[in-house]
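Structure first, commentary second.
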Amino acid sequence: MFRSMIVRSASPVKQGLLRRGLASESVPDRKVVILGAAGGIGQPLSLLMKLNPLVSSLSLYDIANTPGVAADVGHINTRSQVSGYMGDDNLGKALEGADLVIIPAGVPRKPGMTRDDLFNINAGIVKNLSIAIAKYCPQALVNMISNPVNSTVPIAAEIFKKAGTYDEKKLFGVTTLDVVRAKTFYAGKSNLNVAEVNVPVVGGHAGITILPLFSQASPQANLSDDLIKALTKRTQDGGTEVVEAKAGKGSATLSMAYAGALFADACLKGLNGVPDVVECSFVQSTITELPFFASKVRLGKNGVEEVLDLGPLSDFEKEGLEALKAELKASIEKGIKFANQ
Ligand SMILES: NC(=O)C1=CN([C@@H]2O[C@H](COP(=O)(O)OP(=O)(O)OC[C@H]3O[C@@H](n4cnc5c(N)ncnc54)[C@H](O)[C@@H]3O)[C@@H](O)[C@H]2O)C=CC1
Ligand SMILES: O=C([O-])CC(=O)C(=O)O
């Protein structure tokens, strides 16, 4: 009775979806777009987003191979309707009506490269995709995965400013993989259940700009200073560890897809009004003198609801914070300069 009343009050399209169990009256419809959906991250991320019941429409875009990925993922019997788009001419259709756009489009590192070595190719890709986002879905939250994140986020911000669509609450650099790694490595050394471990990671997303705050880890395992130093270094070099293990076949894809799906889910929960959703992310910030900084962020109906303070740091973390600022500042400025030239 209750369900049939709900079905009659919905739009005709939604009525059909409700009858087929593909929509829910209590969970809002949300369109998620993945740009770079056929890549090493894009494919497992598409799978994970297809499994997320908060997504009603999953739009997959790439410059190549999207039809196969969309057909494959589209056969999974979960809520979202899947569409695949390929090539520049279809980018607008892919983006229209988006609530959340996730960007893993771009080239990955090979051994011996830094993330900044990707700048020359990925800056242009991110710039063009940002121009399209400003045009077709200026209200959407944007989750930037493409490296170097320390520069690609400022590039997107500048492009949105030029288009008059910039809302600092809606642009996020995805640093969740640093948090995922810090939790895994910390739990591994402390005999804790990894599912219960929390470790904030602040700063940026490259080398020493990645600063895990093990002094704020919960539960506290009271590890030695030497072990904390080693865990910090391993977290900072986590991406390089995977690049070297893959020996020329790219960088982290599976763990990144997992991390990207976690962060996207947190953004969707925030949009849907779930209270107290807090994740670390690289966002416009005033908690240091740098214009962008990764820290804990409270997510809400408009994106960033609050950028949380760093909290108390150990002396080792204070040193790490001072040491990262010059590199992070230079990467931010490089992105801003590129977008405005
Ligand atoms: N934020 C983070 O923590 C992490 C970031 N990354 C970064 O993510 C990016 C992607 O990595 P992978 O998926 O391994 O690379 P990949 O090369 O396997 O896939 C990239 C995909 O992007 C597509 N693409 C290229 N130009 C495009 C455009 N203009 N529009 C749409 N799609 C386009 C390609 O066709 C390809 O399918 C890299 O920049 C990598 O460094 C990787 C791991 C972690
Ligand atoms: O290391 C890379 O190039 C990819 C990346 O950002 C990560 O795995 O954290």
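Cβ coordinates come from backbone N, Cα and C, glycine included.
Please treat TrEMBL annotations as automatic predictions, because they have not gone through curation.
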Candidate from Asp62, Asp167, Asp276 that TrEMBL assigns to the same NAD(+) site as Gly36, Ala37, Ala38, Gly39, Gly40, Ile41, Gly42, Asn122, Ile145, Ser146, Asn147, Met256: Asp62
Additional site residue, Arg79, Arg115 [criterion: listed by TrEMBL with Arg109, Asn147, Arg181 for substrate]: Arg115
Contacting binding-site residues for ligand 1, chosen from Ala38, Asn122, Asn147, Arg181 when the Cβ sits under 6 angstroms of any of its atoms: Ala38, Asn122, Asn147
Filtered binding-site residues, from Gly36, Ala38, Gly40, Gly42, Asn122, Arg181, whose Cβ is under 6 Å from an atom of ligand 2: none
Among Asn122, Ser146, Asn147, the one of these binding-site residues whose Cβ has the fewest neighbouring Cβ atoms within 10 Å: Asn122
Rounded distance in angstrom between the Cα atoms of Arg181 (substrate binding site) and Ala38 (NAD(+) binding site): 24
Cα-to-Cα gap, Gly36 (NAD(+) binding site) vs Arg109 (substrate binding site), nearest whole Å: 16
Helix, strand and coil residues within the domain 'Lactate/malate dehydrogenase N-terminal' (31-173) as assigned by DSSP: 66 helix, 28 strand, 49 coil
10 Å Cα neighbourhood of Asn147 (substrate binding site): matching binding-site residues from Ala38, Gly40, Gly42, Met256: none
